[in-house]
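Here the structure is laid out as structure tokens; the discussion comes afterwards.
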Amino acid sequence: MNTIIYIGILLCLADGNYFSAAKESFRMGLFFDENQQTIPINWNIIRDNIDETVELVDTEPISVSEETLFEATVAACDFIADEERIMGAFGPSGHISSKTLESVFDYLRVPYFITNWHPKSDLYPENVFNLYPDADLLSLGMAKIVESFDWKNMAILYETDDGLLKLQEVLKLHEYDKGQAKDNIFIQKLSNDMDNRSILKKIRTSSISRIILDCQEHHIMDILVQAKEVKLLSDFSTSFFLTSMNAHTLDYSTLNTLANITTVRLFDPMQPGFQAIVEEYYPDMDPGTLTVETALFHDALLLIATTINKLKSIGAEISPKFLHCFSPDGFEDDLNLTKIIREIELKETLTGPVSLGEGKRDKFSLQVIEINKPEKPIAIWKSEYPESIHLTRNATEREAELRKRMKNYNFIVTSREGRPYLSKREDSYGNKIYYGYSVDLITEIAKIMNITFEFRLTEDNSYANLVNDLIERRADLGICDFTITPQRREIIDFSMPFMTLGIGILHKETASEEVDNMYAFMRPISWTVWFYIWTLALVISITMFFVARLAPREWENPKPWDDESRELENIWTIKNFLWLTVGSFTTQGCDILPKSTPTRTITGAWWIFSLIIVSSYVANLAAFLTMGKIDVTVDSVEELAAQSKIKYGLLAKGSTESFFANSNDTLYQKMWHNMKNEKSVFEKNNDKGVERVMSTKNGLYAFFMESTGIEYEMERKCELRRIGTLLDSKSYGIGMPLNADYRHSVNSAILQLQETGKLIELKEKWWKKEREGEPCPRDTGDKSESLALSNVGGIFIVLGFGIALAFLIAILEFIWHTRRVSVEEHLSYMEALKCELKFACNIFQKKKRARPVPSNSTSRSSSESMGFHDRLSMAKSMFAKSVSLLHLDSEERNEMRNRNPMRVIAVNGNIVEGSL
Ligand code: GLU
């Protein structure tokens with residue numbers, strides 16, 4: 001071996017160049033694997049930049065692979081077995097082969113350059129230099145970029161385990177393993193055969209619309225095409241972030257997608273300096289499609305050139321150095337190359353300032369670009385300020401770009417049928433088929449956002465499917481009475497509220513059938529009690545009749561002026577007692593009253609009884625009729641919960657149901673429990689609930705409904721009322737897929753509609769104006785109401801019945817009386833009837849002749865046989881009768897009597913004047 005070396009040295013010395021040329025020469029080692037085949041090698045980058053006394057000898061790249069490590073080592077040993085100075089070697093991209101060569105060159109004290117991502121940045125041997133951004137910093141940079149996207153959930157698809165290492169800081173952002181956000185992140189390794197349709201389909205049907213794709217650049221298009229096949233690229237809301245530093249080199253135009261695809265780049269090809277370098281050294285290449293390896297290789301060559309120049313500047317000689325792999329003592333870094341390289345700070349590079357103080361690249365910047373507008377980065381992250389990111393576009397620019405995208409897009413609006421939000425016309429097509437509040441609202445929003453839209457009804461008309469449409473991105477907007485709930489906010493986004501509301505209780509404003517009845521005035525006292533009262537009145541009257549007959553004080557002289565009269569009379573017939581009991585029961589009193597103690601005692605007791613009954617009746621009647629009181633009525637949710645007669649229910653599978661199901665309040669928990677046990681109380685939609693409230697007799701069903709709906713129904717169905725206060729406070733919003741790019745535009749459109757009063761106008765239109773018939777008159781909260789005929793009509797009937805009965809009795813009495821007159825006057829019945837009727841109809845006739853005394857002869861003969869006193873007493877009696885027939889009251893009678901007791905007398909039934 002030594003002999004061979006000596007021969008070599010001699011040959012070198014014999015070479016004329018060695019002596020004649022002043023130039024020192026060196027070589028560079030290139031150990032490239034198949035991934036680096038495309039890197040254009042242009043040694044002029046060194047030659048043009050080094051001291052002219054130094055010459056670079058061309059070398060061809062040596063192919064290495066991960067599988068043939070031994071061959072790589074042999075190739076390296078073969079390469080160095082030449083005394084020409086080796087100033088450095090470039091390693092392969094594969095970690096294992098690179099590690100092998102790394103140890104060889106470290107042993108030889110030859111600078112070893114890497115231009116690829118390597119995981120463990122802090123363990124580089126002294127002679128190893130990696131120009132690729134430091135792994136830890138790069139991971140941090142990626143995390144900051146993803147953070148700036150403000151994604152609430154994401155899927156991470158990675159090709160190799162190294163890819164996941166690169167994203168370790170991104171994973172920390174979502175703390176996916178802490179449980180609370182476990183559904184927000186989906187991590188999946190790409191399949192080996194690169195058919196990832198099933199994975200992409202899974203993402204398509206999940207709520208995730210943000211995808212981080214970490215794979216080699218030559219797999220990117222395949223995966224995106226597959227994504228397009230499963231319709232993951234067909235909507236506006238999907239976003240892809242491609243972590244490959246070479247993703248910018250691909251042509252995405254064939255994808256023809258509105259999805260947002262962003263990637264990251266290590267340099268800015270728009271920089272004039274960059275373009276000048278590319279033009280000079282890579283004239284066949286487009287600066288925009290330069291790979292990161294090419295750029296880093298370029299910068300590494302510049303670093304070598306600068307190192308040479310540094311060496312020359314300090315007078316070092318780049319002398320040949322004989323190296324071999326098997327020296328037992330190792331080699332020395334005679335030129336102090338490691339130190340010099342570490343001190344260099346390169347400025348005029350393609351990938352920004354290069355300084356490898358610790359062998360790793362800790363100064364670099366990342367440019368975030370959108371693939372459809374790669375010229376201008378949307379954000380820049382710099383490793384010097386790792387905690388911040390610079391967004392290059394202001395809000396207006398971002399909005400303008402979004403508008404441009406939105407202009408070419410037809411928004412799909414998912415909705416459900418339900419008044420007044422959305423109804424269907426039979427005779428139209430397209431969007432015109434639908435009308436309602438939701439249509440008007442989105443029309444106004446579309447005008448502001450300058451977008452077009454198309455309505456699609458969700459399956460089953462259910463709220464749950466509306467959410468699914470947005471999760472699976474079958475729709476871009478969800479508009480209806482769509483309540484913003486915490487559960488929904490985890491899986492979809494909501495715009496700012498366009499209406500506020502709360503849960504209320506819908507009930508029928510009803511008096512019971514009992515009150516809504518003509519005889520309702522009887523109801524304060526039960527039929528049995530009424531029966532007892534009137535039976536008692538009859539019994540009391542009969543009892544008093546007998547008592548009065550026993551009581552001496554009730555027997556009175558019927559002729560009080562006749563002191564000698566021996567006759568006593570009892571005026572208390574059953575009829576009179578009935579009059580007394582009824583009169584006192586109705587608090588009207590009676591013109592005759594009992595005088596004896598026992599009858600007075602009974603009468604007093606009856607009065608007390610009547611007083612209590614009548615007062616109770618009056619009190620009850622007021623409450624019963626005016627307040628519409630029924631056996632069960634409720635005025636609050638507490639009262640509703642406390643009773644069991646009125647059933648209550650709600651719309652199944654809506655936000656009201658989840659309010660009760662998730663409530664911690666014991667009252668609502670109890671109600672929820674009751675409702676669950678009575679499954680039949682749930683309704684499929686609000687209309688059915690309202691219908692049930694209306695049709696259930698006596699208001700025995702109440703329906704929990706959102707106040708906006710209650711308001712709408714109360715405007716149209718006057719019997720409906722809302723019980724108590726609202727149970728909660730919430731809002732309706734427009735649903736959107738999570739992180740939808742246009743959510744800010746929708747928000748500002750709603751804000752604008754709010755400020756211009758359009759939202760109120762729309763509500764007024766659909767709640768109050770778009771209606772048939774007159775608005776319902778509503779009381780002002782004062783619950784007392786005037787009584788309707790339907791409540792008290794029975795009283796009129798009772799009165800009418802009383803009058804009719806009175807007429808009947810009067811007619812019967814008249815007929816009876818006429819019969820007596822016809823007998824007494826010896827007239828035919830018809831003559832008497834005619835005469836009496838004539839008299840009755842003559843309303844100006846105020847006096848009536850008294851009935852004739854039974855017989856003239858008898859009276860005369862008896863008067864003849866009478867003494868003076870007898871005659872005087874008879875005259876007095878006749879006078880009294882006449883006065884009573886003339887209906888003179890006692891005062892008039894006395895006055896007449898006092899004036900001339902003998903002047904007015906009746907003789908033979910005729911009234912005559914004269915003195916006796
Ligand atoms: N607005 C409700 C929702 O979005 C449905 C109605 C209700 O639950 O009362 O689920």
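Please read every residue number as a count from 1 along the shown chain.
The backbone N, Cα and C atoms fix where each Cβ goes, and this holds for glycine too.
The feature signal peptide is assigned by TrEMBL to 1-16.
TrEMBL lists 410-769 with the feature domain 'Ionotropic glutamate receptor C-terminal'.
Under the heading domain 'Ionotropic glutamate receptor L-glutamate and glycine-binding', TrEMBL lists 420-472. Mean model confidence for the domain 'Ionotropic glutamate receptor L-glutamate and glycine-binding' (420-472) is a pLDDT of 91.
Thr656 (L-glutamate binding site) is surrounded by 24 other CB atoms, counting those within 10 A of its CB over all protein chains shown. The L-glutamate binding site annotation in TrEMBL covers Thr483, Arg488, Ser655, Thr656, Glu706.
If one looks beyond the transmembrane segment (529-551) by at least 6 residues along the same chain, the residues whose Cβ comes under 8 Å of a Cβ in the stretch are 522, 570, 572-574, 577-578, 580-582, 585, 594, 596-599, 602-603, 606, 609, 613. Residues annotated as transmembrane segment in TrEMBL: 529-551 (among others).
The transmembrane segment annotation in TrEMBL covers 605-627 (among others).
Per TrEMBL, site 'Crucial to convey clamshell closure to channel opening' is recorded for Val634. Over all protein chains present, the Cβ of Val634 (site 'Crucial to convey clamshell closure to channel opening') has 20 other Cβ atoms lying within 10 Å.
Look at TrEMBL and you will find 792-816 (among others) tagged as transmembrane segment.
Sequence-distant neighbours of Glu706 (L-glutamate binding site) (same chain, 6+ residues apart, CB-CB distance under 8 A): Asp481, Thr483, Leu501, Gly502, Ile503, Gly504, Ser655, Thr656. According to DSSP, the domain 'Ionotropic glutamate receptor L-glutamate and glycine-binding' (420-472) comprises 29 helix, 11 strand, 13 coil. Cα-Cα distance from Val634 (site 'Crucial to convey clamshell closure to channel opening') to Arg488 (L-glutamate binding site): 33 Å (rounded to the nearest whole number). Taking a C-beta cut-off of under 8 Å and a sequence gap of six or more, Arg488 (L-glutamate binding site) has these contacts in its own chain: Val467, Phe494, Ser655, Gly735. Secondary structure at Glu706 (L-glutamate binding site), as computed by DSSP, is strand. Ranking the binding-site residues Thr483, Ser655 by other CB atoms within 10 A of the CB puts Ser655 at the bottom. The DSSP secondary structure for Arg488 (L-glutamate binding site) is helix. Ligand 1 lies under 6 Å from the Cβ of Glu706, out of the recorded positions Arg488, Val634, Glu706. The residues near the L-glutamate site, meaning same-chain residues not in Thr483, Arg488, Ser655, Thr656, Glu706 whose C-beta sits within 8 angstroms of the mean position of the site's C-beta atoms, are Tyr463, Asp481, Phe482, Ile484, Thr485, Gly654, Ser658, Phe659, Lys730, in sequence order.
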